[in-house]
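Undergrad: Quick one: structure below, then a few questions.
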């Protein structure tokens, strides 16, 4: 009976719920925009959101239960932001094929230790510069809304500043509420079209294309590893745990590869949101905090089952609200990236090359700006070492 009660601790439940709520509020709109960029219909997006919720939920529950550590998985928000910029050049099935390859690459990383060592040798400044260039346009577009949608933008800006000051954990949730409220007041949100049905999975046979692997799989893999998995491992260690890196990478990679045909683009370790199930507020006894990650997994699955409602809410929002939400959601990431990219003098010029080239959106011999920017930055760093 005591063991049963420990499973239903209100602290664990609330921590898990908060982690999922904040994760969804801060990035669902970006995931939807990425899927739309690939040409996915609203119906197909709901199937993909179901698969993502299910895989994140099951992986969080299984890894946390087996290792008795809070191992929270998540989709890659920076990865999704990158996909918005590049998926328009490929078909849905080709994109799914690229996601399969990304999963296999993550899985291989778990088996081949030198790959992790090689990734750890990528200067943090260059990785941050690449990621910063990916998210900057979203932030700029959000602030550009001041010219055309000034009332809504100012209302959301005030909400952002106020909650950042008073309750920073709930900033994005407050922005979602203000965004929906403004759309309702303006008569631009049709709640009658909301779908309350339970979702399901849908298989699409992936197609494999070499250029898609180079331009989607490889950049997505790098972003997932450098902005999610490696920081996620460091986050878990910072709270006194020793995570089992190999099984975590192999299992999340296998889950990504296996469920990519259902729309799972990348399942990784949660980085920043992981702190919500790792800190002392969850439980003074760190050996019990894994239960919070298990509850997060349960709420992931619930969110996946109700994917039609989640997707319809965000799709029903006016496009300008989505633009503002996406921009504000990525501001924290942008600050962190710019700070890391240009902090060290020895890496500053190489980081600048990476940043500017990635931001340019240039393509060369079929390679996209994300990959070219990182490669030239690495070359510059090597030449002037």
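Every residue, even glycine, has its Cβ placed from backbone N, Cα and C.
Quick paste of what TrEMBL says about this protein:
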type	residues	note
TRANSMEM	12-32	transmembrane segment
TRANSMEM	44-67	transmembrane segment
TRANSMEM	79-106	transmembrane segment
TRANSMEM	142-163	transmembrane segment
TRANSMEM	170-189	transmembrane segment
TRANSMEM	259-278	transmembrane segment
TRANSMEM	290-311	transmembrane segment
TRANSMEM	317-338	transmembrane segment
TRANSMEM	350-380	transmembrane segment
Undergrad: Under 8 Å for C-beta pairs, could you tell me which stretch among 79-106, 142-163, 259-278, 290-311, 317-338 has the largest tally with the transmembrane segment (12-32)?
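TA: By the under-8 Å Cβ criterion, the transmembrane segment (12-32) pairs most with 290-311.
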Undergrad: Given the cut-off of 8 Å on Cβ pairs that are 6 or more apart in sequence, determine whether the transmembrane segment (259-278) and the transmembrane segment (350-380) share at least 3 such pairs.
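TA: Stretch pair does not touch.
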Undergrad: Is it true that the transmembrane segment (170-189) and the transmembrane segment (317-338) have 3 or more CB pairs under 8 Å, sequence gap of 6 or more?
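TA: Yes, the transmembrane segment (170-189) and the transmembrane segment (317-338) are in contact.
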Undergrad: Quick one: do the transmembrane segment (350-380) and the transmembrane segment (79-106) have at least 3 Cβ pairs under 8 Å, skipping pairs fewer than 6 apart in sequence?
TA: yes
